[in-house]
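Here is what TrEMBL records for this protein:
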type     : residues  : note
TRANSMEM : B:73-93   : transmembrane segment
DOMAIN   : B:73-298  : domain 'ABC transmembrane type-2'
TRANSMEM : B:105-126 : transmembrane segment
TRANSMEM : B:147-172 : transmembrane segment
TRANSMEM : B:184-207 : transmembrane segment
TRANSMEM : B:219-238 : transmembrane segment
TRANSMEM : B:277-296 : transmembrane segment
Amino acid sequence: MADRIGDPTVVADNVHLTYRVHGASSGKGSATSAFSRLVTRKKAAGVTEVHAVRGVSFVARRGEAIGLIGRNGSGKSTLLRCIAGLLPPTGGKIYTDGQPSLLGVNAAMMNDLTGERNIVLGCLAMGMTKQQVAEHYDEIAAFSGMDNYNGKDFTRLPMRTYSSGMAARLRFSIAAAKSHDVLMIDEALATGDRDFQLRSEARIRELRKEAGTVFLVSHGMKSIRDTCERVIWLDAGKIKMDGPTEEVVAAYEKGV
Amino acid sequence: MANSAQADTVPAGGPSADGGGIPLAELAARHNLSVSGARPKLPAYIRQLWQRRHFIVAFANAKTRASYATARLGQVWQILTPLMNAAIYYLVFGLMLKSDKGVDNYVAFLVTGMFIFTFTQSAVLAGTRSISDQLPLIRALHFPRACLPISFTIVQLQQLMISMVVLCAIVLGTGEPLTANWLLLLPALLLQFMFNVGLSMIVARIGAEITDMKQLMPFLLRTWLYVSGVFYSIAHFAKDAPDWVRWILEANPAAVYIELARDALVESHAHVPMHTWALAVGWAFVVGVGGFLFFWQAEEKYGRG
Ligand SMILES: Nc1ncnc2c1ncn2[C@@H]1O[C@H](COP(=O)(O)OP(=O)(O)OP(=O)(O)O)[C@@H](O)[C@H]1O
Ligand SMILES: [Mg+2]
């Protein structure tokens, strides 16, 4: 593998993101009102702008696990969605190596399907071959713990019957089955219990050894300390501090 | 990735400061990084899509099963629904609205038209929602988004297979003979499937960009149903109309595929001219390929917002 520890995987160059919020347009209604909205092209009253990310620049490298901390609404999730390519930055550029994967808070994927189907479909969607799926299936089911949860095989039940922590476990297990160049975890592990947090932290360390980059958003400073050696502190859309975990977390905890 | 190894022998990026003083854009270029969220080139996109072919089929199978798993009677609905539809349309258009329709076997005529139109109609309805209803999946995993409208059209194809058994039984029941002509149904349905895939990709993009589309679609589809000659014979109905009106009505893709199916199944139905087949092939390719290109052009935007 030519990819080496230390090569950049994500380069953010003065990234800005502004949300444009269109009043109270609910997008529901009768055919006639929908039609008149289309014809008149009228935007529902009042456009408000939310400047969520304001000029963020950093370089992330292979083998790094970077913690992202900051108050609610400081722009952490928004920044990750920009990196994942789900939101186009309104200013600046983001360069990535390969396709970053984002694990968000809402952990469900295909709610009406069983855990088993979610595993198979999730792996196929990530680009695995049928054979690779067969190889990884038991590992994923076992890692998530869904194959024997309180003595019941939950892989046979639809995902809508899972608790939020169980859904998060399954989704992390699916995503982690593949090695990623860039994996971003946005509070997806927060609902997991102690046992699963330990297991997922071990998996994150493995991913780093495979020369990937991991971003972790969490309000739990313990899991940040346990997994990351570098932390970026976002405040009101700007980087307030970027450095070794101990320094940044200490400053953050003093400031809060 | 060979390039990034080479680039590393140049300044090495400097372990201390980020980027070691090199402008960030240049650093990114040096390590062969690509702009995040950019749309893949067409050949690469097609390759990715081909790689996901098992996903497309598995997703369709899972969706079909799940849609019936919640209903008590389960898979029986797959047969009951088209049967009940046929019964209602016979009641309304066959018995209550008695008029000269210029059709010999009206039941077979109506049921065939209805089932064929339903195939396109349900593909369009499912296509409109295929992106907007799958946002959690789109935001969770990366795969070419065209998988979704294609997959949902395959769900409709599976549905159609079952409807076709019922349709053939009804047509035979009305006294039509089983002839070699029935084999023509296969190429006709294949072309219609291609057309449906393209059309569902078009409405998938529109539905993803304009949420109001979901409300408008049933209304548009009903209008399309009325002009497609499902309840009446276009040739008979428009025999006094100017040529261009008849021509437009007959070139309507839904009418084209319906006529082909009737030609295959109903013996008393007038044989379709060769240019109807040409139209069927033309619509399949133009809409199939055009819809795919149209969908691909917004690939990077699905799931945003
Ligand atoms: N879809 C949206 N439309 C408009 N504004 C939004 C949207 N999503 C987030 N914002 C705004 O952007 C800002 C940053 O939000 P973001 O979700 O990135 O915060 P966060 O750091 O992830 O917070 P938390 O710790 O609560 O998860 C907030 O002010 C929020 O109101
Ligand atoms: Mg957040």
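Each residue, glycine too, has its Cβ placed from N, Cα and C.
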When counting Cβ pairs under 8 Å to the transmembrane segment (B:219-238), the leader among B:73-93, B:105-126, B:147-172, B:184-207: B:105-126
Stretch with greatest number of CB pairs under 8 Å, the transmembrane segment (B:73-93) reference, B:105-126, B:147-172, B:184-207, B:277-296 candidates: B:105-126
Interface-richest range of B:105-126, B:147-172, B:277-296 toward the transmembrane segment (B:184-207), CB pairs under 8 Å: B:277-296
Beyond the flanks of the transmembrane segment (B:105-126) by at least 6 residues, Cβ under 8 Å: 82, 85-86, 89-90, 93-94, 152-153, 155-157, 159-160, 163-164, 166-167, 170-171, 174-176, 189, 192, 195-197, 199-200, 203, 217-218, 221, 224-225, 228-231, 233, 253-254, 257-258, 261-262, 265-266, 268-269
